[in-house]
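Pulled from Swiss-Prot:
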COMPBIAS  63-73  compositional bias 'Basic and acidic residues'
COMPBIAS  75-102  compositional bias 'Low complexity'
COMPBIAS  106-116  compositional bias 'Basic residues'
COMPBIAS  122-141  compositional bias 'Basic and acidic residues'
COMPBIAS  142-152  compositional bias 'Acidic residues'
COMPBIAS  163-204  compositional bias 'Acidic residues'
COMPBIAS  212-233  compositional bias 'Acidic residues'
COMPBIAS  248-292  compositional bias 'Low complexity'
COMPBIAS  293-304  compositional bias 'Acidic residues'
DOMAIN    8-66  domain 'Chromo'
REGION    63-235  region 'Disordered'
REGION    248-304  region 'Disordered'
Amino acid sequence: MADGSELYTVESILEHRKKKGKSEFYIKWLGYDHTHNSWEPKENIVDPTLIEAFFTREAARKAEIKAKKDKMAAGKKGASSKASASVSKASASTPARGAKAAPKPPPKKSPPKRQRLAGGDIRPDSDTDEEHSSADKKSKAEDEEEVEDDEEPVPKKKKEVQEEPEEEESVEGEDEEESQEVEDLKEDEKMEEDEKEEEEDVQLESEKNEKEEEEEKVEEKKEEEEEEEEEEIQLVIVEKTVIETTIVEPAVATPEPSEPSSSEKAVVENGSSSAAAGNSASKPEVSAVEVVTVEDDDDIAIIE
């Protein structure tokens with residue numbers, strides 16, 4: 001971050017993380033390249049609108065990703081439903097394996113044999129016999145034609161049996177595509193769950209941060225209240241001390257002067273006269289002194 005001599009400007013917030021219960025943001029600084037990007041605590045971001053703009057962008061980005069995934073999942077679901085419909089249609093058109101061919105009609109009864117006469121000769125055919133034999137031949141020919149008609153679809157069935165492996169291969173390919181789509185859907189669901197968990201973690205972290213901020217505010221308010229209470233207590237103590245240490249001097253009554261008695265007046269007068277006499281006696285009169293110097297050092301005369 002900036003030191004005391006230089007102030008850095010935040011250009012944009014790139015990422016957000018939680019470290020030791022505190023929010024940190026990856027900052028791109030204005031006028032600096034990506035090599036100067038740094039993780040900074042929330043307190044270092046002066047403008048709170050930058051944080052709000054970052055979380056708004058993150059929410060829009062996640063919503064866009066989720067919408068794209070939902071769209072992809074819906075497309076894959078439609079493709080899988082179409083593939084399953086085509087598979088069911090192909091299976092319906094393909095005959096079941098081991099299907100039995102149409103049963104052949106029961107063979108017609110052969111005409112009765114000619115009867116022999118008593119002499120061992122065969123009875124000649126009558127007109128009715130000839131008609132019956134011709135009718136039998138005709139019916140036999142019709143039966144053979146019917147049998148041929150019944151046998152005509154057999155080669156077609158063989159061809160269908162030969163085409164079954166190709167259809168099986170196509171079905172297997174469709175099954176693989178369906179399994180791949182299912183795996184893709186599972187991966188998408190897993191990614192959505194991871195993103196959802198990440199969003200829940202971010203939300204929990206934001207709630208935790210808000211709770212911590214509220215607790216810090218409560219603690220600060222509590223400390224302020226305690227400081228105010230301490231100041232009030234100190235003020236009360238100071239006032240009490242001032243009251244106790246203040247000295248109140250009582251007023252001293254001055255007695256009124258009374259007139260002295262006659263004896264006291266006499267004593268006072270005598271005292272004043274004696275005091276005056278004493279003062280005069282104690283103060284000797286000073287006269288001029290003349291000092292005469294004599295040649296002899298030992299004799300010094302003082303003349304008044």
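Glycine too: its Cβ is placed from the backbone N, Cα and C atoms.
Per-class residue totals from DSSP over the domain 'Chromo' (8-66), listed helix then strand then coil: 25 helix, 22 strand, 12 coil. When averaged over the domain 'Chromo' (8-66), pLDDT in the model lands at 89.
Across the compositional bias 'Acidic residues' (212-233), DSSP classifies residues as 22 helix, 0 strand, 0 coil.
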